[in-house]
């Protein structure tokens, strides 16, 4: 995912992870100490009201890292109460200059950069992604996101409006209020930054639920939020499970907005809960089955490497992964042969090893789910060209897997696998591939590889997706919005568009004695 990763292009694989490319990456502590494993409310650490805990597991070994406080409805209630108090008129947060909010976000980014090596190691320990990627990609994008929104803090404002009559009219961009934020496990630090940046820049307060699979880095950042100087109650972080803590946020009558990144199935549940409670506004960034279209005139070397990257990056655990690779028939055989060779050469192993390209899946549940999809693919007639099995005797490692001769009606071509399983489909004409690509309930992203500008423009307009990449994949920047069509979600994150979901527009009209132009 992400711009920093894509910038390396074909070097992102073996070449990015070579010794030469990693000279600037400090050596990790493979057993980083865990400092924060409780609930963060009002700038203080708390045990769960129930005193319950849950284990967070190292996916490379299957061993428990530590126990974490298990937040539930009562803990969410406490967090919402603290956030609401911090948002009261006259509070330090409400009276703070917008420019000072920006300085606090910049200070938070500085503290994250100070602790970058530790956070990258902790992310790798808890999530399983290669340490080099945690350090060079995820942390890099976290810093850029927070600093980008720090710059917006005093620049997203209303306007004066010349209405008829002796009146003066203007708009204010006001914070929504208490924002519930539920983040996923595939990019824990980055998704935290995507949510916190626009919310805090616009003056909101936050109650965040972190994924139970990967709570540790987000909780450590809570310590840095306090150190940066954010007032108590502005950010509250509750580790816990979706059906309990997550559901409590989505249905809470005193939460004004909820933002969720995760599966379409859970997104539906959250939208229903929001509507049946207080009609809180909702933004959803959900699943995808993104088409990656390789035209016959594409640069073959680049297309093969980018298609590999589009699917296998982050162990295939990307909502926008290029998981339907459509290849024009006259280059299909060569593309498949070269894609299989590239997958076979992919280095799977210890995520702290600088040579590793692919670590484990995040947990046993995902591990078994992906293996189940592989079996389904074989049973339904897709041709297994490489991989398909377990890649280590412990941990949740899966071999890089490629299926050929995939048909649109097969389960693996319709459902989000969220793992290192590439599906390659053949097409004849550009008109055909547009129809097939759009024949999906999802619409998060798409890509096209071609040297023909007319084809690129036609496809970028015809494809039903929130993001279309041309001759690249997973190029992200904090400046560009991201979000989906159809069942891939609603609303946008990042960029100026990402601020809209966190503000209310108020119109103020004043009677004046006499208007002069």
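A Cβ is built for glycine as well, from the same backbone N, Cα and C atoms used for every other residue.
According to Swiss-Prot, the features are:
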{"type": "TRANSIT", "residues": "1-17", "note": "transit peptide"}
{"type": "MOTIF", "residues": "9-24", "note": "motif 'SIFI-degron'"}
{"type": "MOD_RES", "residues": "52", "note": "N6-acetyllysine"}
{"type": "MOD_RES", "residues": "73", "note": "N6-acetyllysine"}
{"type": "MOD_RES", "residues": "78", "note": "N6-acetyllysine"}
{"type": "MOD_RES", "residues": "159", "note": "N6-acetyllysine"}
{"type": "BINDING", "residues": "262, 263, 264, 265, 266, 267", "note": "NAD(+) binding site"}
{"type": "ACT_SITE", "residues": "285", "note": "active site, proton acceptor"}
{"type": "MOD_RES", "residues": "368", "note": "N6-acetyllysine"}
{"type": "MOD_RES", "residues": "383", "note": "N6-acetyllysine"}
{"type": "MOD_RES", "residues": "426", "note": "N6-acetyllysine"}
{"type": "MOD_RES", "residues": "428", "note": "N6-acetyllysine"}
{"type": "MOD_RES", "residues": "451", "note": "N6-acetyllysine"}
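The most densely surrounded of the recorded positions 265, 285 is 285 (count of other Cβ atoms within 10 A of its Cβ). Rounded to the nearest whole angstrom, the C-alpha distance between residue 426 (N6-acetyllysine) and residue 265 (NAD(+) binding site) is 29. Each of the binding-site residues 263, 264 was scored by how many other Cβ atoms lie within 10 Å of its Cβ, and the smallest score goes to 263.
The Cα atom of residue 266 (NAD(+) binding site) lies nearest to that of 73, taking the modified residues 73, 78, 383, 451 as the candidates.
Other residues of the chain with a Cβ within 8 Å of the Cβ centroid of 262, 263, 264, 265, 266, 267, the NAD(+) site, are 260, 268, 269, 270, 286, 287. Per-residue pLDDT, averaged across the motif 'SIFI-degron' (9-24), gives 49. Cα of residue 267 (NAD(+) binding site) to Cα of the residue listed as 'active site, proton acceptor': a distance of 8 Å. Look at residue 426 (N6-acetyllysine): DSSP puts it in a strand. Long-range Cβ proximity for residue 73 (N6-acetyllysine), meaning a same-chain Cβ under 8 A and a gap of 6 or more residues, is found for 244, 245, 247, 248. Within 10 Å of its Cβ, the residue among the modified residues 383, 428 with the fewest other Cβ atoms is 428.
In this structure, the modified residues 159, 426 were compared by how many other Cβ atoms lie within 10 Å of their Cβ, and the smallest count belongs to 159.
The CA atom of residue 265 (NAD(+) binding site) is located 29 Å away from the CA atom of residue 383 (N6-acetyllysine). In terms of C-alpha distance, the listed recorded positions 52, 78, 159, 285, 428 place 428 closest to residue 451 (N6-acetyllysine).
Taking the Cα atom of each, residue 264 (NAD(+) binding site) and residue 428 (N6-acetyllysine) are about 31 angstrom apart.
For residue 52 (N6-acetyllysine), the same-chain residues that are 6 or more apart in sequence and have a Cβ closer than 8 Å to its Cβ are 69, 70, 72.
Distances between the Cα of residue 159 (N6-acetyllysine) and those of the recorded positions 262, 263, 285 are shortest for 285.
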